[in-house]
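Chemist: One structure coming up, written as structure tokens, with questions to follow.
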Amino acid sequence: MSTLITNIAELMTQDAEHRVLKDAAVVIEGERISWIGPSSAAPAADDEVDAGGRALLPGWVDSHTHLIFAGDRTAEFEARMAGESYSAGGIAVTTGATRGTSDFDLTRLALGRVAEAVSQGTTYLETKTGYGLDVENETRSARIASTVADEVTYLGAHLVPAGADADEYTDLVCGPMLAAVRPYVSWADVFCEQGAFNEQQSRRVLQACKDAGMGLRVHGNQLGEGPGVRLAVEFGAASVDHVNYLSAADVEALAGSWSGWQGAGTRGTVATCLPACDLSTRQPLAPGRELLDAGVPIALASNCNPGTSYTSSMAFCVTTAVLQMRLSVHEAVRAATYGGALALRREAGNDVDGERAVGSVAIGHRADLHLLNAPSATHLAYRPGIPLTHAVWRAGVRAR
């Protein structure tokens, strides 16, 4: 089955040449993109969709979410809005609610959140464990996550449970818990922050998970300067997320991890910015402009979670990046598409063949497409808060 999407006013490919095509057309063949070019030269297809002069983008790639949970934390949110500062302790509230919820209901809730994200243009997403915090419930979360998300990350090292010894809990994370979740996950993460896991504990988690053959990610530098960025670069993590508080040495280390990379070769560590979380916690926005200017690739992600960023709107993140972080529209869209793919090692090139590539529109790539109800992507920031998703294709299937 083939589908021709024609009369596209603006096609932001996010391919290697960063091409933006005008009056364009795209052909989907099965799950893949089979043709791109001018509307006037478009081939026939089994089905035809008139884009009506709208803009077409790659689907959003949301590389940082926490979707496996029950309950909410509205009381914590209200307290924070009243002036209380954010700390990681609220994670325990969600852990209690999640442990008390059945597999069926956890799956139902997670699927609802995925559907909400897809309806807004997200076509590829990662999610984490981290609200189980014991072997049984982390394994349960990992298993459920593997049925609802494209990429699953083990975050047993999210918070030390109340009453537990931090080093003994780290032993558990690196031993029995890791062994139990491993069949369901491909990534591992650690919350390297004051009040969560210190440098020594974080190093142990990263080493154990690396030895288990997992890709690495780090929650780092959210609440203050610390060792998170340095550890992420040292261990070759795919991304370090939050990055609100960076020293000059942190920025230099991130930039240095990409030295010599020109779309091929050894990748460095992506800096993943989470602007919706920054606004909700009233933290300084991550320095996306400064990172880009220093040569550090960035990703934008929703950090959808019940405590600090209960949104799946990648468009909101793009809008915030443009209006508050001083990114151009093109830079923000790229960070929310290709940048997310790079943070998940799913960008085209290197060891990723075209059929596995996401975050860009190119022949042979997965047909993840987001049609806006606007003539250009500029409208995402120009008309903030307006729902502009008109149609979505996920792996070639019309999802909206």
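Glycine is treated like the rest: Cβ placed from N, Cα and C.
Source: prediction; values computed, not measured.
Pulled these features from Swiss-Prot for this protein:
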BINDING   HIS64, HIS66, HIS219  Zn(2+) binding site
BINDING   HIS64, HIS66, HIS219  Fe(3+) binding site
BINDING   ARG73, TYR131, HIS158, GLN222, THR308  4-imidazolone-5-propanoate binding site
BINDING   TYR131, ASN305, GLY307  N-formimidoyl-L-glutamate binding site
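Surface or core, plus neighbours and distances: that's what I need for these features.
Modeler: Shown in sequence order, THR127, LYS128, GLY130, TYR131, LEU155, ASN303, CYS304, ASN305, PRO306 are the residues of the chain, 6+ apart in sequence, with a C-beta less than 8 angstroms from the C-beta of HIS66 (Zn(2+) binding site).
Note: ARG73 (4-imidazolone-5-propanoate binding site) has non-local neighbours GLY90, VAL93, THR94, PRO306, GLY307, i.e. same-chain residues 6+ apart with C-beta under 8 A of its own C-beta. Secondary structure at ARG73 (4-imidazolone-5-propanoate binding site), taken from DSSP and collapsed to helix, strand or coil, is coil.
Secondary structure from DSSP puts ASN305 (N-formimidoyl-L-glutamate binding site) in a beta strand.
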Chemist: Please list, in sequence order, every residue of the chain apart from HIS64, HIS66, HIS219 whose Cβ lies within 8 Å of the Cβ centroid of the Fe(3+) site.
Modeler: THR65, LYS128, GLY130, THR153, LEU155, ASP189, ASP241, LEU274, ALA301, ASN303, ASN305
Chemist: Please report how many Å separate the Cα atom of GLN222 (4-imidazolone-5-propanoate binding site) from that of HIS64 (Zn(2+) binding site), as a whole number.
Modeler: 14
Chemist: Tell me the Cα distance separating HIS219 (Zn(2+) binding site) from HIS158 (4-imidazolone-5-propanoate binding site), rounded to the nearest angstrom.
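Modeler: Taking the Cα atoms only, HIS158 (4-imidazolone-5-propanoate binding site) lies 9 Å from HIS219 (Zn(2+) binding site).
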Chemist: Give the distance between the Cα atoms of HIS219 (Zn(2+) binding site) and THR308 (4-imidazolone-5-propanoate binding site), rounded to the nearest whole Å.
Modeler: 14
Chemist: So of HIS158, HIS219, which of the binding-site residues has the fewest other Cβ atoms within 10 Å around its own Cβ?
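Modeler: It is HIS158 that, of the binding-site residues HIS158, HIS219, has the fewest other Cβ atoms within 10 Å.
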